[in-house]
Amino acid sequence: MKILLLTLVVVTIMCLDLGYTTKCYKTGERIISETCPPGQDLCYMKTWCDVFCGSRGRVIELGCTATCPTVKPHEQITCCSTDNCNPHPKMKQR
């Protein structure tokens, strides 16, 4: 009986995946996939135009967040909750 209970406890712990955190793409010097800090379980992609928008295209920011950011005028924001669900648009073409 003790072995059965111990087995159930071990299986339960393995199935819970304790301490899981989301992985998101983040922008910086280069685009990388990183584990998000605890409490930041969403990935986001924010785009907007700056003064170079006509020649370079929209600015793209990727990262982790606890809540989806509020959209400001002339910004577009998308949020998602699975690992690396916020790839840079050019990465999707590969």
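Including glycine, each Cβ sits where the backbone N, Cα and C put it.
Packing around C43 (disulfide bond) is summarised by its Cβ count: 27 other Cβ atoms lie within 10 angstroms of its Cβ, all protein chains included. Following the DSSP three-state reduction, the secondary structure of C43 (disulfide bond) is strand. Annotated disulfide bond per Swiss-Prot: C24-C43 (among others), in sequence order.
Around the Cβ of C36 (disulfide bond), the number of neighbouring Cβ atoms within 10 Å comes to 19. Look at Swiss-Prot and you will find C36-C64 (among others) tagged as disulfide bond.
When other Cβ atoms within 10 Å of the Cβ of C49 (disulfide bond) are tallied across all protein chains shown, the result is 14. The disulfide bond feature in Swiss-Prot is assigned to C49-C53 (among others).
Here Swiss-Prot flags C68-C79 (among others) as disulfide bond. Counting every protein chain shown, the Cβ of C68 (disulfide bond) has 15 other Cβ atoms within 10 Å.
In the three-state DSSP assignment, the secondary structure recorded for C80 (disulfide bond) is strand. The annotation disulfide bond is assigned in Swiss-Prot to C80-C85 (among others) on the grounds of similarity to another entry.
Sequence annotations record features per position, and here Swiss-Prot assigns signal peptide to 1-21 based on similarity to another entry.
A sphere of 10 angstroms centred on the C-beta of C79 (disulfide bond) encloses 15 other C-beta atoms. The sparsest Cβ neighbourhood within 10 Å, among the listed disulfide-bonded residues (C24, C53, C64, C85), is found at C53.
Under the three-state DSSP scheme, C68 (disulfide bond) falls in the coil class. In the three-state DSSP scheme, C36 (disulfide bond) falls into the coil class.
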